[in-house]
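The compositional bias 'Low complexity' annotation in TrEMBL covers 221-230. Look at TrEMBL and you will find 4-87 tagged as domain 'Core-binding (CB)'. Summarising the annotation, TrEMBL assigns domain 'Tyr recombinase' to 104-244. Per TrEMBL, region 'Disordered' is recorded for 206-244.
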Amino acid sequence: MRPATPPDFNQQYETHLKHLKLKALQPKTIEAYARAVRRIGAYFDHRIEDLSEAQLTEYFTDLLESHSWSAAKHDLYGLKFFYTHVLRKPWVAVGLIKPPKSQRLPDIVTVAEAARLFDTTRILSYRVFYFTLYSLGLRLGDGLRLQLGDIDAERARVHVRDSKGNKDRFVPLPDTTLTVLRDFWRTHRNPVWLFPSRQGGLRAAARATTPLDRPAKKRSSTSAAISIAARSRRRTSSPAMTAR
């Protein structure tokens, strides 16, 4: 029988979650930093207030036996956040780990390959969503958050809000994409979202990778392919709904 989690750890963890939300971090960052404290807490029997450098060295050595450098990096940053904002203690292991730096070039998806991907997607909402990601060079999360007010047909641009690094940006809006989005919007006429979910809007589907709830597993390969295609374009490259 597993021992119960100490009450003081539960309280510290809840405080950790509050501070994460107050710092306006991205949902995925909050999830990663919260998971870091849970995982490290489980490793040390939920006694992590006074970890030594030797203990941290042991933890991250063991972690890298079964997890990626990305996981180690998130656990490191999550624990440092916990020490800084919850325990109010200085970090004890400066320079403990140094994840390797890598810069990979994206796979380039041709227009013909992208067209074949769109053709294999039979549900209209998914097909329009994927086409929008590709034609605008958007990340999945960027597309999920698109609202009618983000489409500026007059200036032929789209306002991408709260993108990577909590930054807003504008991207060009091709005429073809505008026409596709207008035609698709007329099929649902949601007053806010371009890609509403069946659960009441994209805010209810923030962790999805498609516009409608959670995607089926069989669509995951298509999502990944379109994401790669959009990324390759990104690196190499409202009233608006009712006009005309």
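Placement of Cβ uses the backbone N, Cα and C atoms for every residue, glycine included.
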Query - Residues in the domain 'Core-binding (CB)' (4-87) grouped by DSSP into helix, strand and remaining coil - result: 66 helix, 0 strand, 18 coil
Query raised in the report: Taking the domain 'Tyr recombinase' (104-244) alone, what is its mean pLDDT?
Result: 74
